[in-house]
Amino acid sequence: MAEFAVFQIVIVSAFLFGLRGQTVTVNMQSSVYSNPNTDLATLRCDFGIDDPTFSFLTLEWTFGSTLIADFFKTTTPTYYDFCNTPAGRCSATRTSSNSELVLSSLEFPRDQGTYGCRVTYVSGSQTPNKQNTSSLLVVVPAALVTLFNASGGTFTNGSVVKLSSEVSEHIFTCQVQNINPEATFTWTLDGNPVDSGLISNPVHDVGADSLTTSSSNVTLEPKREYGGQELKCKAVNYEDDPGVMISVTLIVDPCDPNPCYNGGTCSVMSDGITATCECPTGFEKPLCETKVPTTPRTTPPEPTQPTGTDGKPTTVPTTTSTTPPEPTQPTGTDGKPTTVPTTPRRTPPEPTQPTGTDGKPTTGK
């Protein structure tokens with residue numbers, strides 16, 4: 001009896017050792033996205049066993065718990081109801097180390113779910129097997145992205161939006177509706193990522209039709225630095241998705257609050273985003289914060305005295321200006337000025353015309 005028990009232990013140990021020596025591997029992607037442009041999806045299953053004495057037996061493709069296709073010792077698949085509704089929407093292939101299942105005419109939510117691949121090997125009475133699964137996401141892309149603010153304004157692409165200083169915070173919401181799976185969002189200002197602290201966590205609401213509406217908020221203060229910048233939102237919801245985008249140009253009143261100092265007057269230029277200051281007398285542009293510098297009075301330099309070869313100052317001879325003396329008036333013996341008689345200018349007499357005895361002028365012959 002004891003010998004029989006020992007014999008049983010040896011047999012069981014040998015069986016366990018044999019099973020322990022075979023490791024079946026089955027690898028699949030954790031998730032796969034359908035192609036929304038073709039309504040196709042490809043699932044791949046890579047498999048193998050570490051004991052070459054075992055032969056391939058079966059490979060089964062399942063959707064949930066439903067068998068949809070299999071290979072039994074061959075490379076020719078057998079399709080079941082799932083793949084025949086509609087007919088020809090499954091195409092399966094197999095090699096010695098992998099299998100691919102191509103699904104077409106995909107519909108959401110009908111074809112979304114968990115797909116499995118189970119591979120079985122055989123050697124004698126041993127049939128080790130392994131299964132792995134992959135989640136198929138049937139993509140319903142976003143047809144449109146909308147942008148609106150908390151006050152109810154909805155903006156079209158390229159709109160101009162004013163950030164009024166009367167509101168301390170402007171909340172913008174970017175939203176895509178009726179999509180699958182949910183979206184992720186990217187916000188930029190003039191091409192640069194918006195500070196993550198200004199962006200709220202996205203919200204995803206699933207409707208009765210199992211489609212999702214995804215939203216994301218960004219909050220901006222009416223800062224002058226935002227004036228003229230482009231605010232852009234981009235939403236994507238699947239791998240290699242080019243995304244849908246919308247952008248608006250922000251306008252901030254550059255004169256509110258007044259940037260001009262010392263009583264300067266602010267006015268908005270024609271571009272609507274640039275301010276200019278008219279400064280009071282005595283202050284300079286651009287912001288009137290600097291006083292106009294005064295020009296110091298220039299004092300002519302002191303004349304320099306020439307020096308000789310010994311470096312000592314030399315005396316420059318001065319030239320005395322000679323002024324002719326004033327004419328003196330003669331004086332008499334009593335010391336008083338005497339008057340010098342003047343000689344009158346003699347004027348020659350006018351020529352006279354001869355006259356006759358009657359007193360009338362005569363004509364010379």
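Positions of Cβ are set from backbone N, Cα and C atoms, glycine also.
Residues annotated as compositional bias 'Low complexity' in TrEMBL: 305-345 (among others).
Among the features that TrEMBL reports, compositional bias 'Low complexity' is placed at 353-365 (among others).
Its Cβ placed at the centre, Cys277 (disulfide bond) has 22 other Cβ atoms within 10 Å. The disulfide bond annotation in TrEMBL covers Cys260-Cys277 (among others).
Residues annotated as disulfide bond in TrEMBL: Cys279-Cys288 (among others). The Cβ neighbour count for Cys288 (disulfide bond), using a 10 Å radius and every protein chain shown, is 21.
Per-residue confidence over the domain 'Ig-like' (22-134) averages 97 (mean pLDDT, predicted model). The feature domain 'Ig-like' is assigned by TrEMBL to 22-134 (among others).
The residues of the domain 'Ig-like' (141-251), classed with DSSP into helix (H, G, I), strand (E, B) and coil, number 6 helix, 59 strand, 46 coil. Marked as domain 'Ig-like' by TrEMBL: 141-251 (among others).
The signal peptide annotation in TrEMBL covers 1-21.
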Next on the checklist: I'm trying to understand the geometry here, so how far is the Cα atom of Cys260 (disulfide bond) from the Cα atom of Cys288 (disulfide bond), in Å to the nearest whole number?
Outcome noted: 6
Item to check | Site with most surrounding Cβ atoms, counting all protein chains shown within 10 Å, from the disulfide-bonded residues Cys260, Cys279 | outcome: Cys260
Checklist entry - Using DSSP, how many residues in the domain 'Ig-like' (22-134) fall into helix, strand and coil? => result 3 helix, 67 strand, 43 coil
